[in-house]
Amino acid sequence: MTNRVDHPAGGYKKLFESTEELVAPVTAQVTGRIPVWLSGSLLRCGPGLFEVGSEQFYHLFDGQALLHKFEFKGGHVIYHRRFIRTDTYVRAMTEKRIVITEFGTFAFPDPCKNIFSRFLSYFQGLEVTDNALVNVYPVGEDYYACTETNYITKINPETLETVKKVDLCNYVSINGVTAHPHIEHDGTVYNIGNCFGKHFAFAYNIVKIPPLQADKEDPINKAKVVVQFPCSERFKPSYVHSFGLTPNYIVFVEQPVKINLFKFLSSWSIWGANYMDCFESHETMGVWMHVAEKHTGEYLNIKYRTSAFNLFHHINTYEDHGFLIVDLCCWKGFEFVYNYLYLANLRENWEEVKRSAEKPPQPEVRRYVLPLDIHKVDTGKNLVNLPYTTATAVLRSDETIWLEPEVLFSGPRQAFEFPQINYKKHGGKDYTYAYGVGLNHFVPDRLSKLNVKTKETWVWQEPDTYPSEPIFVSQPDAIEEDDGVVLSVVISPGEGQKPAFLLILNAKDMSEIARAEVDSNIPVTFHGMFKKA
C-alpha cells in the first residue's frame, strides 16, 4: 500500500474537467463477468461543471452537482448522469455566471445592477448554496442529494430528475447538517450539525428522522433533535463532516478547525467572502471528544482530550466491555487540510503537486479508545485494558482523560481516505475490514483494503488510473464479513483506453472481477451508495 507511483503525465487533471450530462442512458462495455446476484444501482455525487460562462470555480467543493448512476441489469451495466437542478445551478445557467457563493468561490453581484443596487444586495441576507454535490442517501422511500448546508435535494433515483428542494431549518433547529448521516436497519436517520444553543452560544445538535410509518407521512416532518453537544468556543463552532454511532452511544469529535461567526457575518455582508475565508485554526485547542447516550439523549460529562488533528471521515465506532473504539482517518495537525484543495493546486504538474503536499497535516488511520466508566480510578494510570490495542486513555489531575491512539496505517503523504465498511452488518459493531481510496499527495491512485486487527493491506492499482470511493456490496448469502464486491468509478486518461470505467473487485483480495467502460470522461465523485433492485 505504501509503494509510491509517480504521475508525470498529469492524467489526474481529468478529474477536474467539466463535462456534459447525458441526454439518455448509455450501455457500458463489460469485460469480465459481473456476478449474477449483483442487481441494483450505484449512485454517485460530485462536481461536473467547474466554470460558468467566463467565471471559474476555485475550490474542489465548488463545482455544480452532477448525479451519476450505474445500473446493473442481467450482466449489463447502464450508465446515466444528470446535473441536479438546484436553485444554484438553474440560476447560474440562466444568468450565465456564478450567482450563489460556494465553498471557496465568492459570487459577485450582478454586474448589470447599478452601484446602489449592488451595495444593497450585500445587506439583503445570506444566500446559502444548495449545490448538492457531496453525497446521496435515503430517507424513508425517498432519496436526497446533499452538501453540508441546511438544504437537501430530493431526486428520482430511477430517472435522476430533480424533485424538490428541502430546507431542514423548517423542521429542526439546525444551521446545516453533514453529508454523512447514519442510516439504521429500520431506516432511522441520524445526523449532526451546529445550531444556536443556550444563551445564544453555538452547540451541536443530533437530529433524528424516524423511518417511514404506516401513515406514509414524510419522515422529515417528524424530525427532532435528540442530543445537544456543547461547543468549546461560544461563537466559533468546529467544522464537522461526520460522527460516530453505536447501538447505545453517539460520538462527536470536535476538531481545532473553527468557523469564525463574526468573520462569517461581517465579511460576507460587507466586503464579500466565501466559506473558506471564514475558517481559522485553533493552535492550542487540540481535539475534544464528546459522548452522549443515544436512547436517553444524556450528555456524558467526560472530558476526553488529545492532540490536534483534522478529521473528515469516521471509519467505524463500536462498544467493547465499557469502552468505545473509535477508528478515524486523521490528518495530523491543526491547519485546515481544505486549504490545499483549491483546483489550481490540484491541477498543477506532478512535481508541484508533490511539493505542495509536503506542507499540510499528514494522514494517518488511528484508533482511539474511550473509557466509559472512570469511577474509582487512579490519576495517571492507563484506563484501557483491552488486550488487542495499544491505544491509551490516562486520567489527569484536571479530570480530563488524555487519549493516545493506536496507528492502524501510516505512510508519508499516503492517505487511506473515503473509508467504507460492510456497514449493514458491522456499522457500529466490531469489525475487521475497511476499504478506502489511497491518496498519493492528494491524487487518488489506488484502492485499498485494511484489516484493522492485523494492519494487513491489499491493493488494487493500475498505471495512470484514478479511482473513487470504494463501495462495498455484500453477497445475498454472505457468511463472512468480506463476502461481496467493491465498486469504484475510475478514470483512465491514458492512450488506448476508454476515458472511464466502473470497476468491480472481489472484496476478499481486491482482485478484478469485471469492468464496465464508458466513452466519456467522468469527473471526480465524492460519495454515494448502492441501491439494491
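Note that Cβ sites are derived from N, Cα and C of the backbone, with glycine treated the same way.
The Fe cation binding site annotation in Swiss-Prot covers His180, His241, His313, His527. Residues annotated as S-palmitoyl cysteine in Swiss-Prot, with similarity to another entry given as evidence: Cys112, Cys231, Cys329, Cys330. Residues or ranges marked as N-acetylthreonine in Swiss-Prot: Thr2.
Cβ contacts within 10 Å of His180 (Fe cation binding site), excluding its own Cβ and spanning all protein chains shown: 20. Take the CB of His527 (Fe cation binding site) and look out to 10 A: across all protein chains shown you find 22 other CB atoms.
Using Cys330 (S-palmitoyl cysteine) as the reference Cα, a 10 A cut-off selects His313 from the recorded positions His180, Cys231, His241, His313. The recorded positions listed here (His180, Cys231, His241, His313, His527) include His313 as those with a Cα within 10 A of the Cα of Cys329 (S-palmitoyl cysteine). In this structure, the C-alpha atom of His180 (Fe cation binding site) lies 20 angstrom from that of Cys231 (S-palmitoyl cysteine). Using the Cβ center of His180, His241, His313, His527 for Fe cation, the list of other same-chain residues with Cβ within 8 Å runs, in sequence order, Val134, Asn135, Thr178, Ala179, Ser242, Phe312, His314, Phe418. Sequence-distant contacts of Cys231 (S-palmitoyl cysteine), defined by Cβ-Cβ distance under 8 angstroms and a gap of at least six in the same chain, are Asn194, Gly197, Ala201, Phe202, Ala203, Tyr204, Pro237, Ser238, Glu254. When secondary structure is read from DSSP and collapsed to three states, His313 (Fe cation binding site) falls in the strand class. When other Cβ atoms within 10 Å of the Cβ of Cys330 (S-palmitoyl cysteine) are tallied across all protein chains shown, the result is 28. Proximity of His313 (Fe cation binding site) to non-local residues of its own chain (separation of 6 or more, Cβ distance below 8 Å) is seen for His180, His241, Ser242, Leu328, Cys329, Glu417, Phe418, Pro419, given in sequence order.
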